[in-house]
Structure formats: C-alpha cells, structure tokens
Amino acid sequence: MASTALTTSSPRPTLPSLRLRLRPFKSQTLLHSPPSTSTTLNLTLKRNRFIPSPLISSHPKPPLTLVKASSSSSSSIPSPSPPPKPYQGAAIKPLLASIVTGLILWFVPVPAGVSPNAWHLLAIFLATIVGIITQPLPLGAVAILGLGVSVLTKTLPFAAAFSGFGDPIPWLICLAFFFAKGFIKTGLGNRVAYQFVSLFGSSSLGLGYSLVFSEALLAPAIPSVSARAGGIFLPLVKSLCVACGSNAGDGTEERLGSWLMLTCFQTSVISSAMFLTAMAANPLCATLTQSSINQTIGWLDWAKAGIVPGLASLVLVPLILYVIYPPTLKSSPDAPKLAREKLKTMGPMTGHEKIMTATLFLTVGLWVFGGLLNIDAVTAAILGLSVLLVTGVVTWKECLGEGVAWDTLTWFAALIAMAGYLNKYGLISWFSQTVVKFVGGLGLSWQLSFGILVLLYFYSHYFFASGAAHIGAMFTAFLSVATALGTPPFFGAMVLSFLSNLMGGLTHYGIGSAPVFYGANYVPLAKWWGYGFLISIVNIIIWLGLGGVWWKFIGLW
C-alpha cells in the first residue's frame, strides 16, 4: 500500500508549481501533515484506486495554473488514438450492380448479325449507365472506369475510347459553366435576377413562366440549345435561386431551385422542338427527310406545325411539375419590393459587369449570326471566355476550380464516344432493322404501326448521349419503314423530327441542355430520371394528341 502526497507552495507572488512525492507507509489511515505555510492533499491508494483525504490548510490556497509531473507518471497515461479516416472508395452495392449488369450481358450469346465487339461495347455501355444511375463513385470517375474497361478488353482502341473529348458539345457545356461563374461573380447575375423578381417575383410560378417564355423567344435565333441554356439561362436561373435563398448543397434546394431547374430544362427541350433553327440537329432531320422521301421541310412548315403543341407544352409542363414537384416557396408578395431595394443598394453597374454584359452580347451575337461568318458555337464561346480571362473578370484558377464543369466534360465525352461506336459497330443499325421487321409483321393499321415505331424511336434515346447521333443512326430507317407501312411521308418526317428533340428530356445526358442544368446539383439523379419519364409521357400525349388534331386541321395528314 502506498500514499501519494501532492503539495503546492506559494512563498512568492508568482504562480506555484506542483511536486509529486511518493512515499511508502504501513497504515491504511489517512495521513495529515502538520499545519504549515503549504497546503497538502494526501491520497491513499487502496485496491488500485485513489481515495482523497480531507484537505487541511492553515492558510488560504493560492491559485493553481501549472502542473509539473515526472515523466514516469505521465507515460502511464495512454495518448488518445486519432479518429479513423472516413471511407472514400466506391460504394460496394452500386458498384456490384454495375459490374453484374455488364458481366451478364457480356456472356449472353451474341445475336446473329451483331459483331462481338459491338455486343461487348453494349455490355460496357449499359454497365456504365447503371453506374451513372446508382453512382458508386462520382459520374466522371464512373465514366473513366467504363472507358478503362473498354480499352483493357480491347473493345475500343485508346483513341476511339477518348474520341468524345474531341467532340465540340462537351466543351461547349464546360465553357457554359465558366460563363456562369463570371455571370455570378461580377454581380450581373444578381442584378438581372433582381430585375426579374421585381417584375414577376410575387409568385414562384410567375417567375418560372417568365423564364420559360423568355427562353422560347430566343430559341429561333440561337441554334444551339447548349449555348442557349448554358450560356444565357443557367447563370440567370442560378442567380434567381440564390436571390430567393435556395442554394445547392445546404438543404434549401427545394425552396425554389429544384423546381425551377427542372422546369427550365424540360421547357428548353420543348422550345428546341418548335423551330427548325432552335437545335443544331434539326437541320439534319430536314436533310434526311429530303434524301429519304424527296420532300423539303421549310422553316415556316416546321414552325406552323410545332407552334400549337409547343405552346400547350410550355404552359402545361411547368404547371404539372409545380404540382408533382412543388417549390416550398410559392408566394412572396414582398419579394418585388425587396428586389427593388436590392437594386438600389447595388448602385450602378461596375466595370466588370459592363465587360461581362458586352462579352455576353458578343457571344450571343456570334451564336445567332455565326453561320454567316463561318464561326461555330464552340469557337464563339472560346472567344467570349478569352475576353473574360484577359480582362480578369474570370481567372483561370477559378475555371480550374469549377469541378462540376470538368466532371461533366468527362462523363459526357465518355458517353458520346461509347454511343458513337455502338453506331459505327453496326449495333444501332441491327436494332433498327429488327424493330422494323417486327412492327411490319404485326399486320396493324398504319396509325398503330406508326405509334409503336415512334415509341420505340423515342425511348431508345436512353442509349444515346446526343440527339444528332440518334437522328443519324435511326431517323432514316424508321421513316422509311413508317412510309412503307402506309404513314403519310411528310407527316411521319415531321413527327420524328419533333420527337428527336422531346426525347432529350429523358435523361441527364440526352441533349445539350441536360448536363448543364443537372450539373447545378439542385435535383437528385433519381428524381431527374423519374420526372423526365413522366414529362415524356405528358409531351407525347400533347404532341400526338392535340398536335395530331392540329396537324389534321392544317392538312399535314
């Protein structure tokens, strides 16, 4: 048995130290030191426990701030272990789901008429799509894994696997994120957003409709939905969300941003279908129509056929989304007044705002009139970004920090490459011919046969990351079969042309505006796909139902 005496002394005004003294003793009684100028606390060690003794002091205790102990006593106290690092690898179950999907399809017997390379690429493509849906890793990482497997298995050579990075559309989308950065950083986005709120901000629905119809008015003049959605409207929508207190990643997404992002995306698909010059791939439909049935689709022909179902969709789709995916902020009667106060507080435009405005007008002008000057949309966007970099409105370091932009570039380019080689390897042609033979052998009326054909054409877009790729692969085959089954040729061409835009709303990669709005991170992927499927049904009913009646009235069939 041992007793430990802890003694403090205070002969000086400086703070005292502690001495640790250990001495043996034979009795279990508590020892008391005689009164002195020191204060002693005695402890008895009994059965491995310290028992405090009464405190005896003849003088007041001085303050105690510093303790010194021998190294032998401190070494017996274990140091706390560092917390374990969180797991940063892939989520196991989603990863297994992706791998199993690919393996099952890989070992399924290859159908007649399909090359082994094409079938194996389909297995890798579908496994990548499952990975993108379930997200065992970030989307860009999933896409890189898919490309790696395609190269490792010799399904694609390296140059082919990474050929999508040479496609202009992913780069245009990436550049759109950089424009959005400048739009918001300079404060121009907030200024324009407050202007919108001051005019239409008393209700979320009114705010949404103002954006929807503004975008539709620009659609005939800007032939790139990627540029229109990403370069002009994404920054504006982001600024409006922030102005209304709805930010990505902090739990306020559904206050306004989720509904507004999804609404603006789905309506960008509709406005692209309304005009021949609203989407880059629409002239391809007109060209293939000319070569297939020797009939020309003019700008007025397209606009006249698309205006009635298009306007109906622009009115109904935001309202339907407002009901099934509503924002929590519905009415804000004080918002216009507050927005006007914010504009007064902001004062006149800054120099960087003026540069951003001029650059935006320059870029949009080149998007509208670039065809006359032989300047494509990506070149115009690069020129605009160059102005922003040279003037310091946006820095390259800020561009490098836009992780969502680079992630989107990676996964979208990967899907474009794989989908493009599915077509080059002949899989899409085999699929089209198989569908055509099946539908033609059913012996149905041309209306029912055409209905089956358009549904298959529409929902096969899950396998495409580009409207132009889908049109080039399947438009001619489906139009030829529809015509052979009795469908009025010009009517069939127009319907397939409209659907070639509307089908882009199915996924977050199906059309150029999809990665831009999805990349804002306001809408989870499962909801993006789920609501995309629901709105596709709404659009098909409107365009084939109301549109069919309108097309009958104008003599299209």
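Each Cβ is built from the backbone N, Cα and C atoms, and glycine gets one as well.
Annotated region 'Disordered' per TrEMBL: 65-85, in sequence order.
According to TrEMBL, the feature transmembrane segment maps to 90-109 (among others).
Sequence-distant contacts of the transmembrane segment (121-152) (same chain, six or more residues past either end, CB-CB distance under 8 Å): 90-95, 97-99, 101-103, 105-106, 158, 161-162, 406-408, 410-411, 413-415, 417-419, 421-422, 425, 427, 462-463, 509, 525-526, 529. Here TrEMBL flags 121-152 (among others) as transmembrane segment.
According to TrEMBL, the transmembrane segment annotation covers 158-180 (among others).
What TrEMBL records for 192-212 (among others) is transmembrane segment.
Among the features that TrEMBL reports, transmembrane segment is placed at 259-281 (among others).
The transmembrane segment annotation in TrEMBL covers 302-325 (among others).
Positions annotated as transmembrane segment by TrEMBL: 355-373 (among others).
The feature transmembrane segment is assigned by TrEMBL to 403-422 (among others). Within the chain carrying the transmembrane segment (403-422), a Cβ under 8 angstroms from the stretch's Cβ atoms is held by residues 118, 121-122, 124-125, 128, 132, 138-140, 142-144, 146-147, 150, 156, 160-165, 167, 169-171, 173-174, 177-178, 428, 463-466, 469, 509, 515-516, 519-521, all 6 or more beyond its ends.
Look at TrEMBL and you will find 434-456 (among others) tagged as transmembrane segment. Within the chain carrying the transmembrane segment (434-456), a Cβ under 8 angstroms from the stretch's Cβ atoms is held by residues 477-478, 481-482, 484-487, 492, 495-496, 499, 540, 544, all 6 or more beyond its ends.
Sequence-distant contacts of the transmembrane segment (462-483), counting only residues of its own chain at least 6 positions beyond either end whose CB sits under 8 Å from a CB of the stretch, comprise 125, 129, 169, 279-281, 284-285, 288-289, 291-293, 412, 415-416, 419-420, 422-423, 428-429, 432-433, 435-436, 439-440, 446, 449-450, 453-454, 456, 489, 492-493, 496, 500-501, 503-504, 506-507, 509-512. According to TrEMBL, the transmembrane segment annotation covers 462-483 (among others).
If you look up TrEMBL, you'll see 490-511 (among others) marked as transmembrane segment.
The transmembrane segment annotation in TrEMBL covers 531-551 (among others).
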Leading stretch by Cβ pairs under 8 Å, where the reference is the transmembrane segment (531-551) and the options are 259-281, 302-325, 355-373, 490-511: 302-325
Stretch with greatest number of CB pairs under 8 Å, the transmembrane segment (490-511) reference, 259-281, 302-325, 355-373 candidates: 259-281
